[in-house]
Amino acid sequence: MDGSSQHQFNVAIKKILQMHRLKEVKWKNEKACAHEAYVPTFVEHVANVFTHGIWIVPALLGALELIERASTKPKLFSAIIYGTSLLLLFTVSTVFHSIHYCFHNGKLVHLKDVLHRCDRAMIYVFIAATYFPWLNHEPVQGDVLLPTMRILVWIMAAVGILYQQIFHERYKWLETTFYVIMGIGPSIAIVGIDDYNNILELKLGGLAYLLGIVFFKSDGRIPCAHAIWHLFVATGAGFHYLAILHHLYPDSDSPILASGERLYNILAASDHHIVESHTEF
């Protein structure tokens, strides 16, 4: 962090701590022009770093938990793909916003541009990776679309990343539309299956992402809009993680726990049989 950034950061923090000077804090800048990226204020920079940085360690622990619970090779592969993307989503975002803040005065322009593109690309990767455990799961009764979706979501992610790299910061609403289409389209194939259509966490996660888009497109209109978007992303990711954890990687997936559960069921059935025998006697 250069001296100028440190000084302005200290000034902003002092104003925030002094309640009567809150009005002096610059909470947002002017809305960006077309084909240009929004330039956050110092407060927004800090909020952007904090709101994704705090989830890096939980994401790592969550990924390790899925890997530990995986009982088959497909589940292990899915856990690695999804867990890695979950960790990278928050890590890449935090690194980008940190570099953007520390070198806001024109330094490391190329690095910031590369990280910005990586940050946007990770959205597509994460969407595809979030679907992956569901699509790579054991065949489901009545499943027709899932085999096709396994390939289609990654094709959609690749196309989205390619488009974003070519037209970076241009046609912003079209880019957002791609995010929504990729987020909603394949989900219909998943929640439409009887085994999955009552999973509340999937629906709540999707709702969080959709509501967050309002703030994703409100830089310069709403103070700290991008940081609020980060919170919606973290909320949506949290709900979807819980859905994957509880429905695809339950505790019983552990071979030891599964054996224990089978033993419990056998003993319970034996007790029930003994009770019935005494009743008949």
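The chain as shown is numbered from 1 upward.
Each residue, glycine too, has its Cβ placed from N, Cα and C.
As recorded in TrEMBL, the features of this protein are as follows:
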type: BINDING; residues: HIS97, HIS226, HIS230; note: Zn(2+) binding site
type: TRANSMEM; residues: 49-67; note: transmembrane segment
type: TRANSMEM; residues: 79-99; note: transmembrane segment
type: TRANSMEM; residues: 144-164; note: transmembrane segment
type: TRANSMEM; residues: 176-193; note: transmembrane segment
type: TRANSMEM; residues: 199-216; note: transmembrane segment
type: TRANSMEM; residues: 228-249; note: transmembrane segment
The one of HIS97, HIS226, HIS230 whose CB sees the fewest other CB atoms within 10 Å, among these binding-site residues:
HIS226
Chain residues in Cβ proximity to the transmembrane segment (144-164) (below 8 Å; excluding those fewer than six residues from its ends, i.e. six or more beyond):
117, 120-121, 124-125, 127-128, 131-132, 134-136, 175, 178-179, 181-182, 185-186, 189-190, 192-193
With a radius of 8 angstroms around the mean position of the C-beta atoms of HIS97, HIS226, HIS230, what other residues of the same chain does the Zn(2+) site pick up?
GLU44, ALA47, ASN48, VAL49, THR51, HIS52, SER93, ALA227, TRP229
